[in-house]
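Asker: Encoded as C-alpha cells, here's the structure I'll be asking about.
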Amino acid sequence: MAAQGFLLIATFLLVLMVLARPLGSGLARLINDIPLPGTTGVERVLFRALGVSDREMNWKQYLCAILGLNMLGLAVLFFMLLGQHYLPLNPQQLPGLSWDLALNTAVSFVTNTNWQSYSGETTLSYFSQMAGLTVQNFLSAASGIAVIFALIRAFTRQSMSTLGNAWVDLLRITLWVLVPVALLIALFFIQQGALQNFLPYQAVNTVEGAQQLLPMGPVASQEAIKMLGTNGGGFFNANSSHPFENPTALTNFVQMLAIFLIPTALCFAFGEVTGDRRQGRMLLWAMSVIFVICVGVVMWAEVQGNPHLLALGTDSSINMEGKESRFGVLVSSLFAVVTTAASCGAVIAMHDSFTALGGMVPMWLMQIGEVVFGGVGSGLYGMMLFVLLAVFIAGLMIGRTPEYLGKKIDVREMKLTALAILVTPTLVLMGAALAMMTDAGRSAMLNPGPHGFSEVLYAVSSAANNNGSAFAGLSANSPFWNCLLAFCMFVGRFGVIIPVMAIAGSLVSKKSQAASSGTLPTHGPLFVGLLIGTVLLVGALTFIPALALGPVAEYLS
C-alpha cells in the first residue's frame, strides 16, 4: 500500500510539472504584456467593440475594475437565481431560490468559493447553471489570476505607478487561457462519458423493475472550468463522486491535474518574469514539501481504518466509509488534499467520513490560507504574503532591512501583509464562535461533541478561505448560515485582494536595489525551510486551540 501511494503521488506531480511548464511560459508572456502569436488582431477588434482602452492603470484603478466587475456579476447572478422560474432552459420547472439561498449562492460563485447549500439537480435550472454559475466560474478565476499578474509586475517594474490594464488582463486570461484549456478538458470528459445535453430528466426502469429519474444537463462544460478555475461547485449534489460528472479513473486523474495546473504554471511564470527561475522553483519546492507530507498523513490515517469500528470487532482494515469503491482510499485521500490545498472544494469522497486525523489535514490546509498551490491566482498571492513575512523575520534576525527581489520591504508593506494574513483567521474563529453561541447556529448541527464542532469549524474555514467543500453534517440552508457564510466568503475574498493590490501599488513605485553580500538569498533550501516554517508557525499558533476542541479531541477520544 505504501508503494502504491508513493507511485501515485510521484506520477501525479511528474505529469503536473510537465504540463505546467509550457503553460507557465504562455502566462509569462501575458504578464509581460506580450500578446500571444496570432491574437493581436482579434484583441484589437474586441477592445474596440467593447470600448476598452488599453491605457495602463494604477493600483486603485486596477482594483476598482476588478471589484466593479465582481459586484456587477454578484447582482446579476442574485436576481437570476431569484427569478429562474421566469427564464428559459428549465425543463423541470424548478422555482426561484429564496433570498438568503440566492445571496449565498451568488456570493459563493463570484468569490470562487462555490459553497453549495443546495442540491444542484433539484434546485437549479440549466440556464442558471450555464449563464449564471459557469460564467462566474470563468470570471472569478480570471479575477484571481489578474490580481497575481499585477503583483508580479510590481516586483519587476521600477519607479512606476501603473500595474497594467485590468480589462486587457481579464480578456486575455479568459480568451487565451481559460476558454481553450477548459474546452479541451470538456471534450475529453464528454469522450469519457460525462453528460452534455439539454434533455429533460429521464425516467428509466432499473434491473429490479423499479423506476428511477436520471438527471440530465450540460455537465461537462461546467465540470471543466469547475476544476481548471479551482471553483469546485458540482452540477450534482454528489459533486465529482457522481459518475455523470466524473465517469472514469482517467477523468478523475485529469480533474486533479486541472485543479493544480494553473497554480503551478503561475509559479513557473513568476520565475520567468522576474528573470530568476530559481524564485519560481523555490515556491514550488515549499508548496510541494507541505503537499506531499499532508497527502502522506491522510493516506496513512485512512489506511489504518476506523478506530471506532475496530473497537467493535468489525472488519475495518481500511476506512472505506464515504468513499467511492471505484476510486479507493489512496486516490480519495490524494483528491481530498488536492482540493483543499487549492481553493477548489470539489470532492470524490465525503470528508465528513474521514478519520479524525484524516479530516483534520484538509481542514488545516484551508485554514493556513490555501497557499499550498492554492487557487488560481489567489494561491500564489497568498503565498507571496508569507514570503514577505518570512523575509521580514529573516531581516529582524540578521539586523538588515528586509528585501525581496531587490525591493525593500518597509513598514507599510508589512502592515498590509499582516492585515491580509489576519483576515481569514479572524473570520474563521469569530464565525465559529458566533455559530456556537447562537441557537440558530447550533440547531444546524447533526452530530454532538467534538465531531459536531469540527463540522462547524470546517464550514466556516471553507467559506472564509474560499474553498467550498464541507463536512456535510450541517444543515446549512437556513437564513443564519446562508448569511454568515456569505459574509465570510465575501470578506475572505476581497478583504485579502484589497491589501494585496495596495502592496503591489507600493512596491511598483520603488527602485530595485542590487544584491549585496548581506542580502538574504531567497532561492535556496534555507529560505524554503524558512518559508515552510513561517506558514506552519502562523497556522499552528492561530488554529491549534480550535483544532484541539474538534478533530484532536475526537482523535484522542
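Cβ atoms are placed via backbone N, Cα and C, with glycine included.
Found this in Swiss-Prot, in case it helps:
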- 5-25: transmembrane segment (TRANSMEM)
- 63-83: transmembrane segment (TRANSMEM)
- 132-152: transmembrane segment (TRANSMEM)
- 170-190: transmembrane segment (TRANSMEM)
- 253-273: transmembrane segment (TRANSMEM)
- 283-303: transmembrane segment (TRANSMEM)
- 329-349: transmembrane segment (TRANSMEM)
- 356-376: transmembrane segment (TRANSMEM)
- 379-399: transmembrane segment (TRANSMEM)
- 416-436: transmembrane segment (TRANSMEM)
- 484-504: transmembrane segment (TRANSMEM)
- 526-546: transmembrane segment (TRANSMEM)
Asker: Please determine whether the transmembrane segment (356-376) and the transmembrane segment (526-546) are in contact (criterion: at least three Cβ-Cβ distances under 8 Å, sequence separation 6 or more).
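Answerer: Answer yes: the transmembrane segment (356-376) meets the transmembrane segment (526-546) with 3 or more Cβ pairs below 8 Å.
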Asker: Which listed stretch (5-25, 170-190, 484-504) has the most C-beta pairs under 8 A with the transmembrane segment (329-349)?
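Answerer: That would be 5-25.
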Asker: Would the transmembrane segment (253-273) count as touching the transmembrane segment (526-546), if touching means at least three Cβ pairs under 8 Å and pairs must be 6 or more apart in sequence?
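Answerer: These two stretches do not touch.
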Asker: Can you say which of 132-152, 283-303, 484-504, 526-546 has the most Cβ pairs under 8 Å with the transmembrane segment (170-190)?
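Answerer: Per the Cβ count, the answer is 132-152.
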Asker: Would you say the transmembrane segment (416-436) and the transmembrane segment (526-546) are in contact under the rule of three or more C-beta pairs closer than 8 Å, pairs 6 or more apart in sequence?
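Answerer: Taking Cβ pairs at least 6 residues apart, the transmembrane segment (416-436) and the transmembrane segment (526-546) are in contact, with 3 or more under 8 Å.
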Asker: Six or more residues out from either end of the transmembrane segment (132-152), which same-chain residues have a Cβ under 8 Å from its Cβ atoms?
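Answerer: Counting only partners 6 or more residues beyond its ends, the transmembrane segment (132-152) has Cβ contacts under 8 Å with 27, 30-31, 59, 62, 66, 69-70, 73, 77, 80-81, 105, 109-112, 114, 124, 163-164, 166, 169-170, 173-174, 177-179, 182, 221-222, 225-226, 228-231, 233, 262, 266, 269-270, 273-274, 375-378, 380-381, 384, 497, 500-501, 503-504.
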Asker: May I ask for the residues of the chain that lie six or more residues beyond the transmembrane segment (416-436) and have a Cβ under 8 Å from a Cβ within it?
Answerer: 367, 369, 385-386, 388-389, 392, 442, 444, 453, 456-457, 460-461, 463-465, 481, 484, 488, 491-492, 495-496, 499-500, 502-503, 506, 538, 542-543, 546
Asker: What else in the chain is close to the transmembrane segment (484-504), if you only count residues 6 or more beyond its ends and a Cβ gap under 8 Å?
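Answerer: For the transmembrane segment (484-504), the sequence-distant neighbours (Cβ-Cβ under 8 Å, at least 6 residues beyond its ends) are 59-60, 62-63, 66-67, 70, 103-104, 107-108, 111-113, 115, 117, 147, 150-151, 153-154, 163, 378, 381-382, 384-385, 388, 413, 416-417, 419-420, 423-424, 427-428, 431, 434-435, 441, 459-460, 463-466, 476.
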